[in-house]
There are 2 protein chains.
Amino acid sequence: MPTRDDTAATPASAPAGLTASILGDDLSFLLARANALSLSAGNAALAVHDLKARSYAVLAAACATPPPSQRELADFLRLDPSQVVSLVDQLEQRGLVERRADPQDRRANAVVATAAGEALARDAQQTARRAEEAVHGDLDPDERRTLMALLRRLAFAS
Amino acid sequence: MPTRDDTAATPASAPAGLTASILGDDLSFLLARANALSLSAGNAALAVHDLKARSYAVLAAACATPPPSQRELADFLRLDPSQVVSLVDQLEQRGLVERRADPQDRRANAVVATAAGEALARDAQQTARRAEEAVHGDLDPDERRTLMALLRRLAFAS
DNA sequence: TATTGTTATACTCTATAACTATA
DNA sequence: TATAGTTATAGAGTATAACAATA
């Protein structure tokens, strides 16, 4: 639940009373707080490319094969379909993605990255990865793998 | 970065192309998606108590000893101080927390749960825990502990 | 009749700046 | 001079409903 966009960061430590409180072993809270830190670090870093975590996610997904439809993007990124419209609009105006009509289903638009979009996605991925490391830099590679595997099960449960 | 309040849920599974995309091993994205699922499940469940994840977090923190100041709440929950004002206002109007002037520093308000607040926090904690289990129910206790320990390091790094 | 994408709109959340009272 | 809390406000993010085109 927390989110705050402070680039010049909050002291991440907390009063002992609070870390030991009910919330201290609340998985949802830890998830929320970890996400908030990661999100603000990511947004700050991606600003160099004129992207945010959201738009980067759409761009990165548009590099997949086969390219996703807007509906698939909405489901995968957990965005409202109307939000996807506006994110794709912005990326399309910058020439980073294209809407390509699906010949199978003419209601659907595949969102596919242009060459410029793919290049930017690669750069932004590097940027994002470096920002991530600042957040979880003290996890060793094994721990990182473990964490990702467990998170993946939460993120794509059922 | 994703958040969407769909109670009647999205199919959590995703096109293989997307799970295998750049985002598939992006820790920030997994964190964001796992958090989004957990948050919407939490909000939906806590609605029974007229709480959301945010207000529940404030209430739960107000049960800690020593009771946190608003500034400490803001840092711990990663909320803006002005948001804390409004959340505390709401809880105070419902008689669930009180602002108690700190005799040491008369600028500061400790936010402390009332008896009713503590009772509700206990109920809500049960509710939240049950909702959590729906999200990460397929993790065994060991995996859950591991996940929490790793997340705690991200959430309170440095 | 249901679904994809779209638009418009209302609402919630978040960030910023200015102010007060204390320190 | 700096910090805790407050207020007001603007901006970003999110949800809802209605519609056209297609299935």
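Using the three backbone atoms N, Cα and C, a Cβ is placed for every residue, glycine included.
Features reported for this protein in TrEMBL:
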type	residues	note
DOMAIN	B:24-156	domain 'HTH marR-type'
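Per-residue confidence over the domain 'HTH marR-type' (B:24-156) averages 95 (mean pLDDT, predicted model). Across the domain 'HTH marR-type' (B:24-156), DSSP assigns 93 helix, 11 strand, 29 coil.
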